[in-house]
Amino acid sequence: MRGVLGKSRKMICSLLSQAPVSPAYYYRSSPSIYKPKPSNRFSWGFLAPIPSPAIRVFCSKPGEVGGLMASSVQNQGSISYLTQREAAEVDETLMGPLGFSVDQLMELAGLSVATSIAEVYKPSEYNRILAICGPGNNGGDGLVAARHLYHFGYKPFVCYPKRTQKPLYSGLVTQLESLSIPFLSVDELPMDLSKDFDILVDAMFGFSFHGAPRPPFDDLIKKLINLHYYEQAQRKSPVIVSVDIPSGWHVEEGDVGGDGIKPDMVVSLTAPKLCAKKFSGPHHFLGGRFVPPAIAEKYKLQLPQYPGMSMCVRIGKPPQIDISALRENYISPEFLEEQVEADPLDQFRKWFDDAMAANLKEPNAMALSTTGKDGKPSSRMVLLKGVDKDGFVWFTNYESQKARQLSENPHAALLFYWDGLNRQVRVEGSVEKVSDEESEQYFHSRPRGSQLGAIVSKQSTVVPGRHVLHQQYKELEEKYSKESLIPKPKYWGGYRLKPERFEFWQGQPSRLHDRLEYSPQETDGKRVWKIVRLAP
């Protein structure tokens, strides 16, 4: 990730002061190693509001960061690329006047690498990872990435042949050893890396490296290069993920001879280096998310926006994908008849609690499907706002399309899909409006802005433009600015679906999914639920 200039190089400018700033970190004999310069300086009647998860950056399901999907695409032509000198100056400034420490940047860099890998390569399919770490900070990034990948559900191994005794690196090794992550010597690596690993993390050399790689890294780089020939021979080959710079590439000119490492993914850090323009693999990500405005302005950096809370963002277009080849091999616990609750509402609450505990985004989101007298179905996402012995409650505009359809055909279907748990629940039944008192109570429990929005929106009707909604909203704000209570409109209220059928679905390997159906039947004059297993 990082590099600095020699002792004699002075910082070209200070971003934060007019006075010259001397370098805070100096190049040592080992590539990309810094020496710091000392300095002085929910009730079930109504669901409680469900907050967004604190971190949903990594995945909406294992191996996919999604919910808040990190792989937003940024046009590659609009991205800034740094020369080797500029990259060094940026790092020097980060760790000088801007106050970052090398361990902070290393932690952020390693996390960015791990999240980028998780974006593309699911642990269910690419589980075994070998991180090959060099002696400097690029290697430290690889060590940090290995720790995060372990916690993401992967099985990492580490090859770290030229260790340094600096406390930062010794601490990283101790952290990995405490997780029982195996360290492999160069001699313990198989001749053919394709047999034992699914992903190879190239964290040997960063942009500050000069000259030809020395043993044992020259041979390790050759091992990665040879994998390209396995692919040409149509042999299965692990994917290669290079940290910031593919080891052995020229920082600005790229793979000069054309016979270097051919990574499948490059994770550029801070900002991409010029050589990344020559990268032709399918996955280019940017990571780091710590560039302050002062640096961006100084170097006229055009960098993509990171989505949500993500630590990585995709650069360029994702590879073309054969939609017919997309599939997920679900790995889940068995869902057996003897384990389920006799009452489907109790089973639903149990699964809903699991979704809440898993910190899934909006676990109360459900697809509502309705049909009118014409028999044409329509679906949309709504939010569950209450569930009890009488059924499932949501609120909407009584003049909307769904409301019109429900007035013509008071039957509907709900679908909850909890991606991160490989689960879905289907509920079918009759629908009726909730009482005015219940609608009134919920309406006034909403944020004031949501109340005004419900009045403004004549749901499903045509509006000439967004500005009309904003204008009407502003007028209502002024109208009720001195009113403590906003009156609920007559055309807004709740519905309750009384369940007549449930189906609980749990994804399983090889499409042999668990499907348990609950349907009511009369037994000795009592209504009980019959449970049967359906073929997947």
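Quick reminder: no glycine exception, Cβ is built from N, Cα and C everywhere.
Those TrEMBL annotations? Automatic predictions, nothing curated.
If you look up TrEMBL, you'll see 87-303 marked as domain 'YjeF N-terminal'. The feature (6S)-NADPHX binding site is assigned by TrEMBL to Asn137, Asn138, Gly139, Gly140, Asp141, Gly206, Phe207, Ser208, Phe209, His210, Gly211, Ala212, Asp244. Annotation comment: TrEMBL describes Asn138, Asp202, Ser247 as K(+) binding site.
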One should report the C-alpha separation between Phe209 ((6S)-NADPHX binding site) and Ser247 (K(+) binding site), rounded to whole angstrom, as 9
Which residue, out of the binding-site residues Asp141, Asp202, Asp244, shows the minimum number of other Cβ atoms inside 10 Å of its Cβ in this structure? Asp202
Across Gly139, Gly211, listed as binding-site residues, the smallest other-CB tally within 10 A is for Gly211
Integer Cα-Cα distance in angstrom, Phe207 ((6S)-NADPHX binding site) to Asn138 (K(+) binding site): 9
Around the Cβ of Phe209 ((6S)-NADPHX binding site), how many other Cβ atoms lie within 10 Å? Please give the count over every shown protein chain. 22
Can you give me the average pLDDT across the domain 'YjeF N-terminal' (87-303), rounded to a whole number? 93
Sorted by sequence, non-Asn138, Asp202, Ser247 residues with Cβ within 8 Å of centre, K(+): Ile132, Gly134, Gly139, Gly142, Ala203, Met204, Phe205, Gly206, Ser242, Val243, Asp244, Ile245, Pro246
10 Å Cβ neighbour count around Asn138 (K(+) binding site)? 31
The number of other Cβ atoms within 10 Å of the Cβ of Phe207 ((6S)-NADPHX binding site), counted over all protein chains shown, is 26
